[in-house]
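Structure record follows, encoded as structure tokens.
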Amino acid sequence: MKAFIAYIAEELGLESSGCDYPNICAGTDRYAMYKVGPVLSVSHGMGIPSIAIMLHELIKLLYHAKCSNVTIFRIGTSGGIGLDPGSVVITRESVDATFKPQFEQVVLGKTVIRSTNLDEQLTKELMQCSIEIGQFHTVIGNTMCTLDFYEGQGRLDGAICLYSEEEKLQYLKEAYDSGVRNIEMESSVFAAMCNLSGVKAAVVCVTLLDRLEGDQISTSHEVLVEYQKRPQKLVGYFIKKSLGKV
């Protein structure tokens, strides 16, 4: 996140020689937060519980700071389905492991189901930005959000695996046929909470591998570093364009 804030500072012409960007949340180890100009950059851990805690506290912060016209982006990495590594996926809607566009949570002993739709116009604008950048392959597709990295995503290399490779591939192909183009572990609660809070939001993730081809990443470290910059470039360009700096 510090790297992103340094990148966006340069893109917006807000950087200064020898400038360091302090971690606003240095007193906690839950997440790091950086700010430059109108952009706030916050980290989160892996999985729904981690990002949910951060979002509760971030949304309260934005409310008490009287921020308006807020747009929140989740940028990160994911496993692709039927896409070349390095492809960027802009999420149309987040779906669960049964391909339903919903986030399910137990509140006070009762199951609550919330919508995971994302802002359609924002998605289209991001896609247009990618076309204008013209540097990497980008698609709009559904993102499957799972509760587990191994069995929940059909991996064969976990400590426990009670299904065959054939069953795994059948499941991933069913996901693809339903419109899923990538898999991660945060988008459902992100979409649900932003919907409930009335905040425009989008999910932009790069794919590090095609899960139809395997479970292990074989790409070199140098190439992976470049891949991981792609969501930053896309969102950074969108921010520049929104501020009239393109």
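Cβ coordinates are placed from backbone N, Cα and C, and glycine is handled just like the others.
Neighbour list (Gly76 (phosphate binding site), Cβ cut-off 8 Å, at least 6 residues apart, same chain): Glu184, Glu186, Cys205, Val206, Pro231. Residues or ranges marked as phosphate binding site in TrEMBL: Arg30, Arg74, Ile75, Gly76, Thr77.
Among the features that TrEMBL reports, domain 'Nucleoside phosphorylase' is placed at 30-239.
Remark: Arg155 (substrate binding site) has Phe149, Cys161, Lys168, Asp215 as non-local neighbours, by Cβ distance under 8 Å and separation of at least 6 in sequence. Per TrEMBL, substrate binding site is recorded for Gln153, Arg155.
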Densest Cβ neighbourhood among Thr77, Gln153 (binding-site residues), 10 Å radius:
Gln153
Rounded to the nearest Å, what's the C-alpha distance separating Gln153 (substrate binding site) and Thr77 (phosphate binding site)? Just drop the number here, would you?
15
Other CB atoms, at most 10 A from the CB of Arg30 (phosphate binding site):
12
Inside 10 Å of the Cβ of Ile75 (phosphate binding site), count up the other Cβ atoms and send me the figure.
21
Cβ packing number for Arg74 (phosphate binding site), 10 Å threshold:
24
Is Ile75 (phosphate binding site) helix, strand or coil when read with DSSP?
strand
